[in-house]
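Q: Shown below is the structure under consideration.
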Amino acid sequence: MELVINPVKKLRGNVSVPGDKSISHRAVMVGALAQGITEVSNFLMGEDCLATVKCLRAMGVSIEGPTNGKLKIYGVGLQGLREPADLLDTGNSGTTTRLLMGILAGQPFTSIITGDQSLKKRPMARVTKPLQDMGASFLGRNQNNLLPMAVQGGKLKPIDFHSPVASAQVKSAVLFAGLFAEGYTSVTEPAVSRDHSERMLKAFGAEVEVKNQTVRIKGLPQLKGMKITVPGDISSAAFLMVAAAILPGSDITIQGVGINPTRDGILEVLKQMGAGIEIMHSRLQGGEPVGDIRIKGAELQGTELSGPIIPRLIDEIPIIAVAAAYARGTTVIRDASELKVKESNRISSVVRELRKFGATVEELSDGLIIQGGTPLSGAVCQSYGDHRMAMAMAVAGLAASGQTLIEQADCIPVSFPGFSDVLKEVIVE
């Protein structure tokens with residue numbers, strides 16, 4: 001599928017974005033391991049989250065829906081999962097794969113995880129190594145680094161794991177495995193990554209302690225089913241925020257967005273660059289901070305990003321690069337080598353595609369340098385099958401002169417079903 005983008009004057013109005021992808025995944029997984037019923041509202045009906053639902057059903061969990069974002073999970077408890085009769089196909093979802101590995105590590109059965117061609121290229125050893133230290137066994141390609149991967153669960157022992165990378169997926173996999181180990185399991189990271197797993201496990205009744213960059217969980221808890229309303233996904237909202245920021249005269253409000261402090265780096269950066277941003281009606285929803293984000297177009301300035309803020313906006317870097325291309329001055333992004341192992345190598349993908357618009361972009365080993373302020377022209381762009389690349393280049397096209405065409409845009413529903421329709425709600429031609 002191709003997506004055609006024509007330049008627009010500005011964005012105006014109120015919109016909402018689909019439910020948070022990270023929280024939707026975790027709600028299904030933790031709900032399945034709890035006793036009793038978990039009801040989820042505003043569940044993200046994207047392909048990645050549906051892969052999580054499918055895998056848990058394959059292990060005997062009864063799940064009703066999702067219908068209009070509503071889901072009912074009949075939890076089986078920590079010991080209730082059953083050996084799947086077939087391969088567990090996680091599609092394009094790295095989150096499903098890595099978090100499930102943590103759960104499967106503690107099961108008394110063998111399972112095999114596979115995925116699509118893109119996922120089969122993504123590294124898994126960062127997750128399998130600590131899980132092996134806990135007592136699970138793995139057999140996969142490239143020395144247990146690539147899917148397909150067989151997982152032989154077993155009796156797990158707790159560990160104190162020092163992660164070499166700030167990755168919520170690695171941390172969550174170890175914490176989920178820690179549910180099945182008697183005693184305390186801890187994960188220490190070089191910088192704080194998103195904390196949705198800790199918040200959700202705590203809400204379901206697990207004993208979780210957080211101190212600086214270390215999270216500690218007590219094994220074998222009694223998790224109890226609950227009702228969860230998933231906030232809007234700030235990573236999806238980021239595309240609308242940048243679109244408004246780069247189009248002078250824009251003024252939009254995105255309602256009910258998760259503003260978790262481990263995910264709000266995009267707000268900080270856009271403010272730094274000069275965008276008018278206001279958070280209204282801040283509230284707590286199921287343990288997660290939520291607010292309505294108002295953003296106005298402005299003349300943006302270049303900025304520098306590195307260090308601890310990077311894990312707080314790692315998924316937003318492609319769209320931040322678009323903002324930088326339309327800003328005055330130079331933007332430097334460092335310490336972001338994690339981008340190389342996403343759905344595409346997002347460093348080289350961003351460089352290649354922004355250059356097609358006429359932007360001046362330099363590739364670094366761990367980031368980018370973008371010289372902003374040059375007027376951009378519409379282009380024919382590749383998505384690389386990467387949903388965030390497709391949407392970032394679509395936003396770049398809104399402010400460019402001439403038409404932009406995004407090839408392979410059918411990957412967008414992975415995280416943002418209805419992206420084009422939401423955009424149309426606020427476009428002023």
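The count begins at 1 with the first shown residue.
Including glycine, each Cβ sits where the backbone N, Cα and C put it.
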Q: Record says K21, S22, R26, S167, Q169, D315 bind 3-phosphoshikimate. Source is Swiss-Prot. Which of K155, K296, K340, K342 does it list for that same site?
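A: Among K155, K296, K340, K342, only K342 appears alongside K21, S22, R26, S167, Q169, D315 as 3-phosphoshikimate-binding in Swiss-Prot.
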Q: If you count, for each of the binding-site residues K21, G94, R122, Q169, the other Cβ atoms lying within 10 Å of its Cβ, which residue has the minimum?
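A: Across K21, G94, R122, Q169, these binding-site residues, the one with fewest Cβ atoms within 10 Å is R122.
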Q: List the Cα distance (Å, whole number) between Q169 (phosphoenolpyruvate binding site) and K342 (3-phosphoshikimate binding site).
A: 12
Q: Fewest other Cβ atoms within 10 Å: which of the binding-site residues R26, K342, R346, R388 wins that one? Let me know.
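A: Candidates: the binding-site residues R26, K342, R346, R388. Fewest Cβ atoms within 10 Å: K342.
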Q: I want to check the contact list for D315 (3-phosphoshikimate binding site): same chain, sequence separation of six or more, C-beta distance under 8 angstroms. What comes out?
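A: When sequence neighbours closer than 6 are ignored, D315 (3-phosphoshikimate binding site) has S235, K342, R388 within Cβ distance under 8 Å.
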